[in-house]
Amino acid sequence: MPSDPHEEERSEAGSLGLPDLGDGIDALTFEQILEMDEDEEEREFSKSIVFGFFEQAEQTFTKMDNALKQQQQQTNQIIFVFNRELRDLEELSSLGHFLKGSSATLGLTKVKDSCEKIQHYGQMKDEAGINAESDEDLCLSRIRETLVTVKEEYAEAEKVLRRFFAG
């Protein structure tokens, strides 16, 4: 057992014994990123991937917030609202899909799952992406709620990963 909880050790099978990453990060997936590092002390490769993801996530959340704000500002212009909402839903779906892929690569399971929900709601489907949903306002409301959740999940994962790399 390492004396430092952030210190890693190789098991007999050769995998890294990572510190507890919590239930929001899949250790096996994250370990695959770590295995690409040439220097296990510096971890330049994995650190650049993770910190690049942080920037990407923040930018994507800002784009999602802006799409939702623009949609709210358009509600008084009745003629424009329908087309605007559909474009916002499509954009939100696309942003959810984008962030889902990035978070899956790092093993951020909770973030990935929430982004997938945003993707589905933006496609005017239910949470699982199976059944069509005809109520645009309901889909936008679900995206707003899920965006709050995914930001919390992201903040927790970011905290854990920053602590890991500061380690």
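Including glycine, each Cβ sits where the backbone N, Cα and C put it.
For reference, TrEMBL has these:
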COMPBIAS  1-12  compositional bias 'Basic and acidic residues'
DOMAIN    42-157  domain 'HPt'
MOD_RES   H97  phosphohistidine
REGION    1-23  region 'Disordered'
Which whole-number mean pLDDT does the model give the domain 'HPt' (42-157)? 90
Secondary structure content of the domain 'HPt' (42-157), with strand meaning DSSP E or B: 95 helix, 2 strand, 19 coil
